[in-house]
Every structure is written in structure tokens, then in C-alpha cells.
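Copied over from TrEMBL:
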type     : residues : note
DOMAIN   : 2-478    : domain 'Major facilitator superfamily (MFS) profile'
TRANSMEM : 42-60    : transmembrane segment
TRANSMEM : 69-86    : transmembrane segment
TRANSMEM : 92-115   : transmembrane segment
TRANSMEM : 127-147  : transmembrane segment
TRANSMEM : 189-207  : transmembrane segment
TRANSMEM : 219-236  : transmembrane segment
TRANSMEM : 257-279  : transmembrane segment
TRANSMEM : 291-309  : transmembrane segment
TRANSMEM : 321-339  : transmembrane segment
TRANSMEM : 345-371  : transmembrane segment
TRANSMEM : 392-411  : transmembrane segment
TRANSMEM : 455-475  : transmembrane segment
Amino acid sequence: MILAVLCLSLLVVVLDNTVLNVAIPSITNSLGASTADIQWMINAYSLVLAGLLLTTGSLSDRFGRKRSLLIGLVLFTGGSAFAAFAETSLQLIIARGGMGVGAAFLMPGTLAVLMQIFTPQERPKAIAAWSAVAMMGLALGPVVGGALLEHFWWGSVFLINLPVGLLAITAIALLVPESKDPTSRRADVPGVLLSMVMGIGIVYGIVSVAEHGWGSTQVLVPLAIGVAALTGFILWERRAASPMLDVTLFANKHFTGAVASGALIAFALAGSMFLFTQYLQFVLGYDPLEAGFRVMPLALSVLVINAVSPKVLALLGAARTVLIGLCVVAAGFVALSTVSADGGYAPTLVGMILIGMGVGVAMPASANALMSAIPPERAGIASGLMSTLQEAGNALGVAILGTVMAARFAADLPPFLPDGSERSVGLALGAAAQAPDAPNVIVTVQNAFVSGMSFSLVCGAVAALGAGVVAWTMLRQQPTAGVTSPVVTGAGGQ
């Protein structure tokens with residue numbers, strides 16, 4: 001029962017992110033939002049989340065993980081209500097920032113509580129279910145969003161969070177036991193401030209790449225500030241009497257391997273699926289709801305394979321399990337890279353099923369390896385670190401693989417299209433529709449996009465294989481961590 005509550009809390013966050021993407025056209029028309037407004041609606045959430053994850057993970061260890069979950073759900077649910085009835089773009093941006101604060105408390109808290117209430121023998125199954133829910137949320141978002149927008153106004157994509165959030169708040173208050181670090185630690189204020197600047201600076205720089213390019217001031221300045229804060233954070237944490245993050249954990253190769261492989265998995269998945277969803281809509285011609293349904297096989301294969309992934313982990317160990325899973329993911333990316341502009345949906349099905357199977361094996365094993373490599377009383381900060389690096393991996397995947405695609409796409413576009421057409425496949429198709437001999441020009445644009453996407457998917461496959469090599473190298477002969485028992489109060493059990 002507790003596992004279901006934790007998964008429900010995670011689902012609220014994951015589902016909302018993908019639902020928003022479907023609602024963007026409706027929001028633009030209703031609020032008169034500019035392109036910059038839309039970018040800030042998305043980035044306000046991402047930046048706040050990236051800036052706070054380490055801090056909220058540390059706070060959950062210090063003051064209680066159940067309390068962290070409840071705070072996160074209250075903030076996220078309240079922000080959703082404000083967003084649903086926003087009357088201006090600014091109000092919606094502020095609401096999204098508040099939802100980011102709530103998500104920052106929620107994401108580390110779910111995995112940290114899971115580590116406290118399940119035994120080492122039960123934990124792989126619990127983490128497998130947790131990972132499956134995360135993937136289901138990503139796939140269900142466009143379907144749920146499209147269905148809501150067919151019958152209701154755009155605010156419904158936020159309003160749906162209210163009943164789910166209230167149910168989760170009630171269930172956590174009644175069922176989840178409190179747990180926290182038994183040692184008394186002083187607040188690490190410099191560490192908190194440096195981690196915020198680090199997370200916001202690096203992620204803001206990365207998400208600005210699509211609009212401004214890698215060499216622009218808008219990208220280089222925040223990246224430089226973020227990297228400087230990262231350097232200062234590491235130096236401070238090494239000498240602080242009560243550090244927020246014990247950086248000596250990185251001397252543990254199992255911890256480092258799990259963190260690195262998880263970030264690389266996020267990099268490969270986010271960048272590749274970002275491009276693939278555009279292929280479904282701009283090349284194959286599906287609307288957002290239809291495209292959402294056609295991504296569902298990926299999530300369903302994750303769900304099916306999760307039933308056996310704990311047994312695979314017990315049989316093969318973390319290193320081999322993650323390696324095998326990521327090899328299957330890479331094979332799925334390669335399969336998707338062979339699609340064509342006129343090949344239809346069927347060729348994509350094999351690739352998505354392979355990716356889902358590989359993710360269903362690799363992600364739970366990687367998360368379990370991370371949580372097993374640290375003392376239980378530090379579960380919150382470890383989960384926060386994992387989430388922070390995965391957020392950075394997501395942003396980097398979209399930015400780098402998107403840049404790779406854009407370069408190939410621009411090179412293959414017809415030279416007579418107007419300047420700026422290379423900025424997106426949507427703009428290029430719009431320009432192609434106005435050109436003489438429009439049908440043939442549209443096909444040329446679609447082929448150019450498929451060429452760029454295919455090359456990027458191969459790069460995603462290389463990243464997945466790289467993550468597998470990291471896991472194989474660093475996760476072998478992993479010990480079980482169990483330094484100090486956490487303080488748990490209240491009713492326990494599953």
C-alpha cells in the first residue's frame with residue numbers, strides 16, 4: 001500500500017510535465033502568450049527544480065522524509081490550482097515555479113522513503129515498480145493531455161492534479177512512517193546557496209542552446225556561473241564541518257558508476273525521444289493525441305519487463321544487468337534510426353519495444369545500485385543528487401542531440417527556403433507549403449528531418465552503450481551499504 005502511495009506521488013509530477021507540452025498551443029491562443037512566455041512556462045519549473053533538488057534532498061534527511069513529501073504535495077497541488085485558473089502568462093509562469101518547488105521536495109522524497117521501508121531483498125521489486133510508474137507517466141502524459149483538451153479548456157491539464165494530489169496527501173499522512181537522519185547536522189547555508197546557483201546556472205545555459213546557440217553570451221555566461229558555483233561547491237563541501245553532500249561518496253566507484261550511468265541513460269532517452277515525437281507528428285502526420293497513443297508500446301514494454309527485472313538483477317548482479325539493458329536500449333535506438341519518411345508506423349514499433357525492454361531492466365538496477373551504495377540515513381541527499389544529474393542529463397540530451405539533428409537538417413534543406421526555416425521542422429514545413437511544387441518540397445524537408453534524426457538516434461545509441469560500459473566497469477562486485485540505521489517513527493510495513 002505504501003509503495004502505491006509513493007508511486008502515485010511520483011506519477012503526479014511526471015505526468016504533469018508531459019501533459020503541458022500538449023497544451024502549449026491552447027495556452028498560446030488563450031493567454032496570448034509569446035514564444036518567450038512559453039519558454040519561461042517550461043523553464044521556470046525546470047530551473048527551480050534543478051536549483052533545489054540537492055537542498056530539498058538534504059532537508060528531507062534532516063527534518064523528515066514524510067514531512068518533505070507532504071510539503072511537496074501541498075506546494076505542487078496548490079501551484080496546479082493556481083496554474084489552472086491563471087489569467088495571464090506571468091501568473092502561469094509563477095505557478096509553474098511554485099510547482100517546481102513542490103516537485104523538488106517530492107522527487108527525492110519518494111525514493112528516499114522507499115529505501116527506508118523496504119528491506120534490501122524487497123527493494124529491487126519496489127524500485128522496479130517506481131521506475132515503471134515514471135516511464136508510464138512520460139508515455140501517458142500526451143494521451144491524457146490530448147483527451148482533456150478535446151473536451152475541456154487548457155486549465156484542465158493542471159486541474160487534474162488536484163484530486164490526485166489530495167488523495168496522495170491523505171494517504172501519506174495516514175500510511176507512511178516518518179524517517180530521518182539520526183545524526184544532528186548543522187545547516188550548510190553556503191552549500192545550499194552554491195548548489196542553487198550551480199543547478200540553475202548550468203541548466204539555464206543548456207536550455208538556452210536551442211534559441212541562442214552554443215557560442216552565445218546567453219549560453220556561455222550562465223554555464224560559466226554554474227561551473228564556477230560547482231567548483232566552489234565541491235571545495236566548500238570538502239572542508240565544511242557539516243557538509244550538505246559528502247563528496248567523499250564519489251570515491252566509492254559503485255556510487256559514482258550508478259550516478260554516471262543514470263545521467264547517461266537520461267541523456268540518451270530525453271534527447272532521442274524528443275526528436276522521435278516530432279517525427280511522429282511532423283513526418284507521419286499524427287496529432288498529439290495520436291502520437292501519444294503510438295508511444296504507449298514503449299511504456300507497456302517497460303511495465304511488462306519490470307515483472308522479471310528484479311529476478312534478472314538477483315541472477316546477474318547490477319553491472320551485467322545495467323549493461324545488458326543498455327545494449328538493448330542502444331539496439332532500439334539503432335532500429336529507430338532506420339525509419340524513413342514514407343515507412344509508416346510499423347517499423348518504429350520494434351525500436352520502441354526494444355527501448356522499453358532495455359529501460360525496464362537498466363533503470364531499476366541503476367537506481368538500486370545507487371541507493372545500495374550509500375548509508376540509509378543519507379538516502380534523501382543521494383536521491384536528490386541522482387535527480388539533479390538526471391535533470392541535467394535530460395537538458396543536455398535535448399540540447400546536444402537536438403544540435404546534432406539541426407546541423408544535419410539545415411545542411412539537407414532546399415536552399416531556396418526563407419532564412420530561419422532551419423530553426424525547426426515546423427517552420428520549414430510551413431515555408432515548404434508556400435513554395436512552388438509544394439508537395440515535393442515538403443517531402444524533401446521531411447527527408448532532411450529524418451536524416452538528422454537518424455544520425456542523432458545513432459548518437460543516442462552510442463551514449464546508451466557508454467552508460468553500459470560505465471556500469472560494467474564501476475558496478476562490479478557491489479557491496480551492500482548499511483552504515484547507520486535510520487530513525488523511523490510511526491507505523492511501518494508495506
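Keep in mind that glycine also has a Cβ here, set from the backbone N, Cα and C atoms.
Note: TrEMBL annotation is automatic and uncurated.
Against the transmembrane segment (392-411), stretch 189-207 has more CB pairs under 8 A than any other of 69-86, 92-115, 189-207, 219-236. The highest tally of CB pairs under 8 A with the transmembrane segment (92-115), across 69-86, 127-147, 219-236, 291-309, 321-339, is held by 69-86. Across 69-86, 127-147, 219-236, the stretch most heavily in contact with the transmembrane segment (189-207), judged by Cβ pairs under 8 Å, is 219-236. Ranking 127-147, 291-309, 321-339, 455-475 by CB pairs under 8 A with the transmembrane segment (257-279) puts 455-475 at the top.
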